[in-house]
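Engineer: Annotation source TrEMBL lists Fe cation binding site at HIS205, HIS288, GLU369. Taken from TrEMBL, the feature domain 'VOC' covers 41-171, 202-358.
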Amino acid sequence: MTLERDLTDTERLARLDPDELRRLVGSIEYDAAHDPFPVSGWDAVEWVVGNATQAVHFYQSAFGMELVAYSGPTTGNSDHHSYVLRSGAVRFVISGAVDPDSQLADRHRLHGDGVVDIALQVPDVDACIRHARAQGATILDEPHDVTDEYGTVRLAAIATYGDTRHTLVDRSRYSGVYLPGYVERTSSFGGRGDTATRMFEALDHVVGNVELGRMDEWVDFYRRVMGFTNMAEFIGDDIATDYSALMSKVVCNGNHRVKFPLNEPALARKRSQIDEYLDFYRGPGAQHLALATRDILAAVDRMRDQGIEFLPTPDAYYEDPELRARIGAVRVPIEELKSRGVLVDRDEDGYLLQIFTKPVGDRPTVFFELIERHGSAGFGKGNFKALFEAIEREQAARGNF
Ligand SMILES: [Fe+2]
């Protein structure tokens, strides 16, 4: 199976080809012939929020996403609103309860705003579920077809960490805007999401925070159940400050489009940001989503203009002679990075630029990363300490540290 045939519907719509994806997210060519659970790429990230009707405005105005589809009371679904947004190959579904008895209301009461489903496109839903079942995975939805006038989608779902699920989607026989049950919908907000104005092109990785001592179980889950491989490993001192620490391992699918760093808290003198997340989210869940951009400086400027707050980076980070020596030449003067708080990291393959937002909901849980890769397939290991110190200052200001 080649990457070309492997493109997801949103990658084609965003006019991303395999070369562009390699630059943006570090994808590789691979042979799926012996993959027990082939995954083509991301399908959608579904969020449950307290007010989907307003959140969908936020993702249009501040993130430059485009409203493309909708399901709700006017389309025969009286339980909840679901708005589908797109930027490049990134598709979000933002759902919120209409009916007070909706399961979504219960979920929101427990977890607050967060990611309920990290849906993946697969060429053969049934084969994946057969393998997952044989490996002891929890099957939440058995393989089934959903059909409308635009064709048929085959779906199934398996459980992952916490209350998070992976819906598996084969939309190769479907030409509708999202799924049966949704109608095409645009917004009077308008003018967003086109190539000229969009701020990010693709989803790079989604980080999961799991319980203390259970990271290796979840790494094993992705390897055994979903055929993922270990990509990188950071443990202990690599990402410890004087006060808090975490351990992190990264697993990815065969073509490296889908990357899941998994974090667990490590014992330290104070509560880590992972502990804070687990407390406020009431369990494991998606911690951050990294959005791949072609121009992180322009994206940061526009998002900040629209009211997005990023984590500040101490000036000392940029003035550190060790850092300057380590990162070498990057595409812009370091002052351009410093004025925006953009972090830089380098490894043997190249470098990357990255920045993190503050949590986007009311609880100190889920947030975003912008990432601009230049050859590096890493995750900013060299920045973890600088970043965590910045996060700890925020945690202290909230009184949770
Ligand atoms: Fe990240």
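Placement of Cβ uses the backbone N, Cα and C atoms for every residue, glycine included.
Bear in mind that TrEMBL entries carry predicted annotations, made automatically and left uncurated.
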Engineer: Let me know how many other Cβ atoms fall within 10 Å of the Cβ of HIS205 (Fe cation binding site).
Structural biologist: 23
Engineer: What are the other residues, in sequence order, whose C-beta lies within 8 angstroms of the center of the C-beta atoms of HIS205, HIS288, GLU369 at the Fe cation site?
Structural biologist: ASP204, VAL206, VAL207, PRO261, GLN287, LEU289, ALA290, LEU291, PHE356, PHE368, ILE371, PHE379
Engineer: Any idea what DSSP makes of HIS205 (Fe cation binding site), helix, strand or coil?
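Structural biologist: Strand, per DSSP.
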Engineer: Non-local Cβ contacts of HIS288 (Fe cation binding site) (under 8 Å, 6 or more apart, same chain)?
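Structural biologist: Non-local contacts for HIS288 (Fe cation binding site): VAL206, VAL207, PHE356, VAL366, PHE367, PHE368, GLU369.
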Engineer: Near the Cβ of GLU369 (Fe cation binding site), how many other Cβ atoms are there if near means within 10 Å?
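Structural biologist: So the Cβ neighbour count for GLU369 (Fe cation binding site) comes to 23.
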Engineer: What is the three-state DSSP composition of the domain 'VOC' (41-171), stated as helix, strand and coil residue counts?
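Structural biologist: In the domain 'VOC' (41-171), the DSSP-based counts are 32 helix, 64 strand, 35 coil.
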